[in-house]
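Heads up: the structure comes next, in structure tokens.
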């Protein structure tokens, strides 16, 4: 794990830099194989992570206290550049009770073929490197990932008991080969959603505001650039930017609710992607301290469920 030091490091407080070092030592040990660590009491986790008396530490503690009103525990998510995808998918699967309608559609697995027939540039999609395996046709490869996503979602959603469901999720997120294939599927669904939004806008249909922001960036003024400069890098050299959290939410048709701890006591403390979610979209909840790394809160406290 490489951390790039930059000017901003001069402004980061010593405590934060220290914590990052501790985190690195911890993650390089054997628990590294576990993508989503076992649950831990949320306030205990907070006390371990934020001991100091700096304004930042105080704000984080207040933020965690607020989350602890709703959730009893936290599970730490492995901090590579897939963590936003990992945390979102893990939460979605842990509570899945049915297959989303977009996963049921007939032409779902035809998506790579259909898109490639229209957009030749998708050939430059950066597939994850498989060891000792020749690359097949890119559409076959992605089709495989989409089929895997549907299969896993279906299997897990059919498990009735909460404990068994959780065990099935834990097992899936320990299998690197499968886990990373699922992230490729999600990234491809994000590309598909971006293409749909881009075309809708060009054809004068109404699109959500984030879609304009997505394509207003110099680095992604169209879907092709979005793929080259952003989606191809997710998991390798970068994570998801905020505007891409909206795209992920739209691709999955899930509302992603995020406790952004460093924004505690502002109206952005709890941020919804999208801001005006569809009534029938299920909700998953994540926690972030910095909009870069995401963990997941678990075990809703009894009072809030009534």
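Every residue, even glycine, has its Cβ placed from backbone N, Cα and C.
Residues annotated as active site in TrEMBL: 80 (among others).
The feature active site, nucleophile is assigned by TrEMBL to 83. A C-beta separation below 8 Å, combined with a sequence spacing of at least six in one chain, links residue 83 (active site, nucleophile) to 77, 239, 293, 294.
Under the heading site 'Linear diubiquitin binding', TrEMBL lists 268.
The active site annotation in TrEMBL covers 293 (among others). Every protein chain shown contributes to the tally, and the Cβ of residue 293 (active site) ends up with 19 other Cβ atoms within 10 Å.
The recorded positions listed here are 80, 268; among them, 80 has the most other Cβ atoms within 10 Å of its own Cβ.
Between the C-alpha atoms of residue 268 (site 'Linear diubiquitin binding') and residue 80 (active site), the distance comes to 25 Å.
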